[in-house]
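> Could you have a look at this structure, given as structure tokens, before my questions?
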């Protein structure tokens with residue numbers, strides 16, 4: 001009975017985190033962008049800095065009519081938001097937050113599990129892009145697929161470098177093996193991982209698949225109401241997952257002063273700091289062109305990731 | 001993995017077929033779902049739906065690996081097939097016409113030949129697997145296919161096939177680059193303008 005309760009509690013905790021953290025990131029994005037661009041944005045709802053605007057947006061999404069275009073493939077069109085959102089929920093299950101089993105579920109090959117399931121999420125964008133019966137959606141889907149193809153490889157290679165360093169594929173195992181000098185040692189790999197992750201999430205400056213000035217909103221053009229909100233939520237959940245993973249793999253997760261009791265605070269703080277960087281990049285950099293995107297992936301990120309693997313191997317064999 | 005393993009017991013001490021455990025029942029059910037999805041994938045007239053059914057079939061296979069406690073193989077299956085191969089297929093379908101609804105030209109007239117080839121391949125594979133393992137029994141109580149075990153078997157016992165495969169993949173990669181270059185040269189040898 002205790003086991004069942006334990007599992008239920010862990011699942012509930014992950015579900016709560018899944019429902020809360022993306023919204024926090026979304027709200028932080030609104031406010032950070034507003035301040036960085038020197039504009040106020042909605043400041044009245046709820047009083048303090050318009051914090052209730054997010055709630056109002058949610059209510060608005062729920063009230064909107066759920067439109068399916070006449071020419072669309074109804075079943076795939078309706079299924080796509082769920083396919084985009086659910087993988088991130090599953091990934092959150094295995095990200096370790098604190099020492100001593102503070103994780104939804106320990107998975108033996110956790111690193112591979114995470115990368116595999118994150119790749120599935122992109123299927124949702126492809127399904128939506130094709131099923132909308134809209135040229136812009138189709139173009140968005142094509143760009144999504146091309147981008148995923150190019151950036152999956154450097155991401156995997158960078159993650160493999162960490163796995164080599166730690167000698168395990170288990171995420172808690174990787175954090176346990178972490179030493180402070182890993183961060184400079186794996187610095188290049190970390191940058192490659194983070195950049196490729198941004199591209200996989202289609203965050204600016206890698207948001208060519210949803211470039212609003214060219215193809216309206218890419219694969220999500222035809223979506224309204226809650227289904228559109230699900231796609232947005234998937235993007236923010238993706239930010240949380242990417243930042244959490246970068247924290248776990250490259251920044252030492254729960255390591256910090258008083259890690260035994262305050263470990264989870266460190267994980268959350270590092271994740272939040274990375275999420276801030278994600279938002280910061282959106283405000284700072286212009287969108288990259290499609291050919292620039294491809295060039296960056298194949299001529300910069302992949303060679304860097306390979307060099308990182310070589311460095312990891314040399315250090316591992318010679319010094320450890 | 002055909003290497004003799006301590007947990008692969010002789011038939012005499014193996015459990016019978018008449019009292020299946022829960023895992024075995026689930027294994028068979030997931031197998032049926034996988035088979036059904038695979039059959040629909042090759043018979044449906046809607047191209048993109050076929051790709052979606054393929055996702056289900058490949059995902060079902062991953063679940064089967066999981067049930068056999070080969071966790072690492074299962075995640076690799078998802079990563080490579082669902083995450084990459086299906087995305088590539090969808091990319092190709094989007095580049096071509098792939099209409100919404102039925103494709104009237106999806107029937108190529110090769111159906112009987114394809115059916116014969118598929119059945120022959122299936123028969124050969126089933127016969128091979130049945131003959132190779134016969135009455136071998138895997139004890140699923142303890143984890144058999146953890147990452148560590150898989151890595152050890154792959155890089156100790158099977159390292160030569162592994163390396164041969166990597167050479168094959170490299171050859172395919174080089175071949176693809178050469179083919180794309182050939183076509184560009186035939187199109188009039190214009191300067192490479194992609195970089196500017």
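We number each residue from 1, going along the chain as drawn.
The backbone N, Cα and C atoms fix where each Cβ goes, glycine too.
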> If you check TrEMBL, which stretch out of A:39-58, A:59-78, A:79-98 is marked transmembrane segment?
A:79-98
> Based on Cβ pairs under 8 Å, which of the stretches A:7-26, A:79-98, A:110-132, A:263-284, A:296-319 lies most in contact with the transmembrane segment (A:153-174)?
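It is A:296-319, which has the most Cβ pairs under 8 Å.
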> Considering only Cβ pairs within less than 8 angstroms, which of the stretches A:79-98, A:228-251, A:263-284 has the most against the transmembrane segment (A:110-132)?
A:79-98
> Taking 3+ C-beta pairs under 8 angstroms (sequence gap of 6 or more) as contact, is the transmembrane segment (A:79-98) in contact with the transmembrane segment (A:296-319)?
no
